[in-house]
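K.L.:
This is the structure I want to talk about, given as structure tokens.
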Amino acid sequence: MSPTLHRQALWPWKSATQPSTNWHLKENAREHHTSKFSSEELIVRRGQAFTITFNGTERPEQNLIFIAETGPKPSKATKTLATFDISSTVSKEGWSAVLQSSSSSSVSISISSPPNAVIGRYRLGVQSGSSSPASLGTFVLLFNPWSSGDDVFMPNKAECEEYVLEEFGIIFAGNKNHISSFGWNFGQFQEDILNICLSIMDRSLYYRQDPVTDVSHRHDPRYLGRVLSAMVNANDDQGVVLGNWSGKYEGGKNPSSWTGSGEILQSWKKSGFKPVKYGQCWVFAAVLTTVLRCLGIPTRTITNFSSAHDADGNLRVDEFYDADGNHLERGADSVWNFHVWNESWFTRNDLGASYSGWQILDATPQEESGGIYQCGPASRHAIKEGEVDLDYDGPFVFAEVNADCMYWNYDSATGKKNLIFSKSTEIGASISTKAVGRDDRVDVTSDYKYEEGSAKEREIFKKARKKLGLGDKFDPTAPKQEEIEQKPDISGKFKVTGSLEVGKDLNLLLVLENLQSDAKAVNVNMTAWSTLYTRRPVNEIWKDSISVTLAPKEEKQFPIKIKYPEYQQQLTTDKTIQVTALCHVKDGMQVLVKRNITLDNPAIDIQVHGEAKVNKEVVVEVAFTNPINSEVKDCVLQVEGSDLLQGILELRIPPLKASEKSSTKFKLIPSEAGPKHLLVNFSCDKFVDIKTFKMVNVIN
């Protein structure tokens, strides 16, 4: 390892005979919860003592002054330089050194940093008497969620284990009617990841504009969270990942093909810090999780279903449809099937104690904040209470989970739009995260908002609008109250009647019900489009129209079958289809029926043959059966897992005929005991990125 030393040091380190330093790496790492790092350098957490032993000083126990410094121009004023001598007790405010033992040739010292010290790589020196300072070497100082004095202190030890030390995560996707999940290897302790995380901080716009001030703010998780939310995306700066939502990924990797952050971060460094192609929301959130956990800030990924992107800041999202029921790309607002962001745990000294705890950060570049594509930290408690005037980016986050949805019929010939209906309960459903210590989904929707449709939730929504000056403001595009309250004559919904699996026919029922006591004549225009997970339409798959008369209070069902060959070529790698039915009721208002469908990939089976033991080979078998009536080729299996494999294992698999089963065996040599996760990603020409994972319990 060759840690980057700072360009300018205040202290003229002596270059002659240097003391020989024993950093007690194993013992200190155990005490500081840093044993999982692959490093020959001391890595410790702030606000907690660590022990070093060194020799080469004269009369070691007397007149020793220690110097700890970080950043390009260390100074006491910016708290990037500390000088301290030996004392009998640990200082609560600053750095301190307590003598442990000494002999004629060596001295053992316990060094403590303050709980609000700047984090990063430090140079440590010692001065004896009037001699010049001598370098003891470098160490890295991280946030300390186990220390009650630290802003990131997390009192629950199991949560500390999960949100700082756990390298495996589960990210939820799909849509609110059909939630799916996949595993992710955060890999924050993999070789060189810590150095890369430190490099990210030193490449931010904030650092380049004013390195001294930037480094001096690195004691503050609020500041670093915001900086890193900007740096994980490649907009504005030398950031890590370039976003791409086009559905075309030439010149890079399909965002759905990544299985872990390590490969992304290492590619960024290897390329000379050029953006890695390509990412979408879960990639940005997963990489930010890796970076923040690595630095010691408790962090998790959060998935919001039916997530609003409110581009104009009015807490409303507008969706447009033509007379045939086709979803139109008009206006900058959108609703995504799901969106993934982060929560990090720290105090909000700037807002007050009630706003501490989980803070929302979002590295996906959607809207600028302060002129840069960054988002947060927004206090989750502030979002729930509609306090959208507090730092940072409250209105955008509030809209993501609680905007009202307006559905318009747009006539491109005349430019006229008519409101079909509005819905206040569409946005922000089944907000999900991984359980602590288990591979389960936990619903945290009630932490973001009061019960959907309740009087309290509407009261908070009005409060948020008022704080943004929207409460009583005349909005010429807003629908008239009587339009909103006008009741439709019929209702409709789509029901799924078969399996939702790529390779199978899609079977649905359109259910229409007459709500009135007189008959209704209805013309129905139906379409199905393949979409991205952002609901952007890509290819038309199918369309049909029917005319129907519904007797008073009558319900009718119309079966719809979309065959696999009809959608196979049109499907995006997001495997999503939007089906709509625009119902034109004679002498009544239009009714829009829609459903977003996410198809599942076929299954993969993982079997571990025998017991998994540390440093012993164990055989793993991965099986896949081709479910379609034609051959699949270009089959590739990718496998990774922290403490199970070094890097990523890639295996080529021969083509598979219709209904043929493949069985692939490989060996693992686990390096550490405990529950570990193996992640598998299978791709071929017909099925892209079929993911699964398996927990492997490794014993000593």
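Residue positions begin at 1 at the first shown residue.
Including glycine, each Cβ sits where the backbone N, Cα and C put it.
Taken from TrEMBL, the feature domain 'Transglutaminase-like' covers 273-365. What TrEMBL records for Cys281, His339, Asp362 is active site. Per TrEMBL, Ca(2+) binding site is recorded for Asn402, Asp404, Glu452, Glu457.
Describe the structural context of each listed feature in the structure shown, including burial, neighbouring residues and relevant distances.
P.N.:
Mapped onto DSSP classes, the domain 'Transglutaminase-like' (273-365) shows 18 helix, 41 strand, 34 coil.
Cβ neighbours of Cys281 (active site) (same chain, under 8 Å, six or more residues apart in sequence): Trp336, Phe338, His339, Val340, Trp341, Thr364.
Cβ neighbour count for His339 (active site): 27 (other Cβ atoms within 10 Å of its Cβ, all protein chains included).
Counting only residues at least six positions away in the same chain, the Cβ atoms of Ser229, Phe284, Ala285, Trp341, Asn342, Cys375, Gly376, Asp393, Val397 sit under 8 Å from the Cβ of Asp362 (active site).
Around the Cβ of Glu457 (Ca(2+) binding site), 18 further Cβ atoms fall within 10 Å across all displayed protein chains.
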K.L.:
Once near-sequence residues are set aside, which residues in the chain of Asn402 (Ca(2+) binding site), 6 or more away, have Cβ atoms under 8 Å from its Cβ?
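P.N.:
Non-local contacts for Asn402 (Ca(2+) binding site): Leu315, Ile427, Gly428, Tyr448, Lys449, Glu457, Ile460, Phe461, Ala464.
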K.L.:
Highest CB neighbour count within 10 A among the binding-site residues Asp404, Glu452?
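P.N.:
Ranked by Cβ atoms within 10 Å, first place goes to Asp404.
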K.L.:
Setting Asn402, Asp404, Glu452, Glu457 aside, what same-chain residues sit with their Cβ within 8 Å of the center of the Cβ atoms that define the Ca(2+) site, listed in sequence order?
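P.N.:
Apart from Asn402, Asp404, Glu452, Glu457, the close residues are Ala403, Ser424, Thr425, Ile427, Gly428, Lys449, Gly453, Arg458, Phe461.
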